[in-house]
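Participant: Copying in the features that Swiss-Prot gives for the protein in this structure:
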- L121, G125, H126, L127, S355, P356, F357: (6S)-5,6,7,8-tetrahydrofolate binding site (BINDING)
- H228: site 'Plays an important role in substrate specificity' (SITE)
- K229: N6-(pyridoxal phosphate)lysine (MOD_RES)
Amino acid sequence: MLKKTMNIADYDPELFKAIEDETLRQEEHIELIASENYTSPRVMQAQGSQLTNKYAEGYPGKRYYGGCEYVDIVETLAIERAKELFGATFANVQPHSGSQANSAVYMTLLQPGDTVLGMNLAHGGHLTHGSPVNFSGKLYNIIPYGIDETGKIDYDEMERLAVEHKPKMMIGGFSAYSGIVDWARMREIADKIGAYLFVDMAHVAGLVAAGVYPNPVPHAHVVTSTTHKTLAGPRGGIILSAANDEDLYKKLNSAVFPGGQGGPLMHVIAGKAVAFKEALEPEFKVYQQQVVTNAKAMVEVFLERGYKIVSGGTDNHLMLVDLIGRDLTGKEADAALGAANITVNKNSVPNDPRSPFITSGIRIGTPAITRRGFKEAEARELTHWICDVLDNAKDESVIARVKGQVLELCARFPVYG
């Protein structure tokens, strides 16, 4: 018989220790991976609720199981809040991840073998935008576009490729691009050749929700996002549209269920509903503005210290530090910073001579440190520490000093106070 007093600590101490160790790691490390963030205790409360027990195949009011009257309320709240947050007329909150949301869009708009124009992974795109190792690159004819010598998206090249190859779908969005995307220009190009415009705004959804980054929803036929990253919700995906096309909406819903998934994760959808409500609060806009301010402050210090930033700056939450020409790989930089309790990820940069497993760059983002309460002063100080480590990546005394400074700073700014 189940009892509410049951707990992991007593029953499975080995697992409990791993959970506790990860909790301590998050508190004592500075998180700079651009796709990571700290979700709220309210979201975690929803995810740990008895909603996890409920199967609810279908959609609100149209379920294949009984007993769904309350989970219908939960999902409807999430849908309506997502629509309000992004100015959409359609929202599907069931995708288990951003990649599965993207898969549903491909399934809706394309047939295998159709031509797609997507951002080159090496220039800042995403696996699901046409990488050969991903379903998108295996099932569709991918034409990649990229960035110019200034590190900005080359819209002239994009238009030339679109006219030449006539893709059925164009993809906007990225995983490692620090600029502002001109969604309107992309829609113009798509309309010129009669293509769908699909935007994956996973990385900037929180910035978009707060009005500090242009909203793609009015321009694209379909938009997807994750619900974590800058949005700071549970790990999951969403699909949005303002196309006012009921036939498209039905096809998108069918592509999620039954096309790609079975039962939705109702406890996660509840977490999404909470996160969307939090994102509608005025303080969320203040937070997102600070995310960008902190990123710009970090870029200034990197440039002062002689480091190259891809595109020369940032207009969002992330930056790519280009290490080409330095006696340091992205993998080595990642490891050295990790030893100092600073978590980043190695990342390929444009024209990278090294493999994706080694790389010549690191990607840095500010959503998590800003969530902890860091302002410009802390962001600048932290960046100097990062440069100290990168300048002395094999000097254990420098790494030890920086680790001590990191621990002191983390103690001043706990993740969950």
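For all residues, glycine too, the Cβ spot is worked out from N, Cα and C.
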Participant: Pop the Cα-Cα gap between H126 ((6S)-5,6,7,8-tetrahydrofolate binding site) and H228 (site 'Plays an important role in substrate specificity') into the table, whole Å please.
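Facilitator: H126 ((6S)-5,6,7,8-tetrahydrofolate binding site) has its Cα 16 Å from the Cα of H228 (site 'Plays an important role in substrate specificity').
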Participant: Would you please pick out, from the recorded positions H126, H228, K229, the one with the fewest other Cβ atoms within 10 Å of its Cβ?
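Facilitator: With the recorded positions H126, H228, K229, fewest surrounding Cβ atoms within 10 Å: H126.
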Participant: Identify, among the binding-site residues G125, P356, the residue whose Cβ has the fewest other Cβ atoms within 10 Å in this structure.
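Facilitator: Counting other Cβ atoms within 10 Å of each of the binding-site residues G125, P356, the minimum falls on P356.
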Participant: Looking at Cβ-Cβ distances, which residues of the chain lie under 8 angstroms from F357 ((6S)-5,6,7,8-tetrahydrofolate binding site) while being 6 or more apart from it?
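Facilitator: Sequence-distant Cβ neighbours: K331.
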Participant: How long is the line from the C-alpha of L121 ((6S)-5,6,7,8-tetrahydrofolate binding site) to the C-alpha of K229 (N6-(pyridoxal phosphate)lysine), rounded to the nearest angstrom?
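Facilitator: L121 ((6S)-5,6,7,8-tetrahydrofolate binding site) and K229 (N6-(pyridoxal phosphate)lysine) have their Cα atoms 19 Å apart.
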Participant: Using all protein chains shown, find which of the binding-site residues L121, L127 scores highest when you count other CB atoms within 10 A of its CB.
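Facilitator: Counting Cβ neighbours within 10 Å, the top one is L121.
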Participant: How big is the gap, in Å, between the Cα of L127 ((6S)-5,6,7,8-tetrahydrofolate binding site) and that of K229 (N6-(pyridoxal phosphate)lysine), rounded to a whole number?
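Facilitator: Checking the Cα atoms of L127 ((6S)-5,6,7,8-tetrahydrofolate binding site) and K229 (N6-(pyridoxal phosphate)lysine) gives a distance of 17 Å.
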Participant: I'm trying to understand the geometry here, so how far is the Cα atom of H126 ((6S)-5,6,7,8-tetrahydrofolate binding site) from the Cα atom of K229 (N6-(pyridoxal phosphate)lysine), in Å to the nearest whole number?
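Facilitator: On Cα coordinates alone, these residues lie 14 Å apart.
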Participant: Could you round the CA separation between K229 (N6-(pyridoxal phosphate)lysine) and G125 ((6S)-5,6,7,8-tetrahydrofolate binding site) to a whole angstrom and send it over?
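Facilitator: Each residue's Cα considered, K229 (N6-(pyridoxal phosphate)lysine) and G125 ((6S)-5,6,7,8-tetrahydrofolate binding site) end up 16 Å apart.
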Participant: Neighbour count, 10 Å Cβ-Cβ cut-off, for S355 ((6S)-5,6,7,8-tetrahydrofolate binding site): what number do you get?
Facilitator: 11
Participant: Rounded to whole angstrom, what's the largest C-alpha distance between any two of L121, G125, H126, L127, S355, P356, F357, listed as binding (6S)-5,6,7,8-tetrahydrofolate?
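Facilitator: Max Cα-Cα spread across the (6S)-5,6,7,8-tetrahydrofolate binders: 17 Å.
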